[in-house]
Amino acid sequence: LPRFTDMKPNVIRLWGVRCGKSGRILRWNLLSIVFLIVINSTCADIQPIDVEPAIKKEQPDFEDDTGAMGVGPMPGSPLREAPHKSPISVSAKPASTAKATMAVIEEEMNFMHAFVASLFIIVVSELGDKTFFISAIMAMSHPRMIVFAGAMTALAGMHVMSAMFGYVITIIPRMYTFYASSALFAIFGLKMLRDGWNMAADEGKEEMEEVQTDLRKRDDNYEREPLEEGGAGQKRGSRNRILGLVSRVFLQAFTLNVLAEWGDRSQIATVLMAAREDLSGVLVGGLIGHFLCTGLAVMGGRMIAARISVRTVTLIGGVVFLLFAVSALIIGP
């Protein structure tokens, strides 16, 4: 270190050399250099903390090429005590993600298959059926919206009830219900093909005339009731007559469609589809099918009934039933 021999404020002696003010600056620079050297040498002696084993996985003992067993980590070392993830859990995450994706895709495919099957079967079963003619004929002499509301309420209620009944019977093993429903689909298809083949060309006109006659009798009975009551029926106000007409038309459309749909092939087909297909797909597809058929009947029932052939629709329906039976057997339960 510098040796001070002169205590004058502006003159110092550095290692035997007489200096002025610049010597004081040089002295502080040398002190700083010496301080940094000492700190560096002290830090070099300190061993760094090894934190890498804390994140490494525990490695098993290994055998080298010479046959000697390698020494594994000590029991108390951080390498053994540090928590680690199992390779199985790491690889299981992508596997579980792929399995979940496949489950979603399979669920969507089941929904679409049930939706398409229910939609087509309801359309080919109801188009030209008795319920179709009931809505078409009632819409000719009554408000269309009321007829549509009554018919759609009846058909939707019957469809939901049939689907729920089919879903309940799934307590039976799926294998039995699957093959039983496929066999019934094939039987329905063959029966429709036979009926269509033996059906006369004017079969639709005869059924339409039958429905028209039944509706005319009901209207005559309703008009006869106020006459039997005397003047009580004539004293009702216009508001009561409108409400009575709306309720009468709605109830008539509802009742006739329920009676016509009960035990129909579309109802039995709905029960069979709900027993083996996706329930939500069957419900949505069937409701859309009933909506389309009832809407066509109400909007242009007479025109459609005059131009379509019930025989052709029946034959197409038989083919559709057979196709779904065969496709179900190919896909399997």
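Quick reminder: no glycine exception, Cβ is built from N, Cα and C everywhere.
TrEMBL lists transmembrane segment for one of the ranges 196-216, 280-300, namely 280-300. Take the transmembrane segment (280-300) and the stretches 111-133, 145-169, 312-331: counting Cβ pairs under 8 Å, 111-133 has the most. Within the chain, the transmembrane segment (111-133) has long-range Cβ neighbours (under 8 A, six or more residues past its boundaries) at 151, 155, 159, 204, 207-208, 211-212, 257, 260-261, 264-266, 269-270, 273, 277-286, 288-290, 292-294, 296-297, 301, 305, 308, 310, 313-314, 316-317, 320-321, 324, 331.
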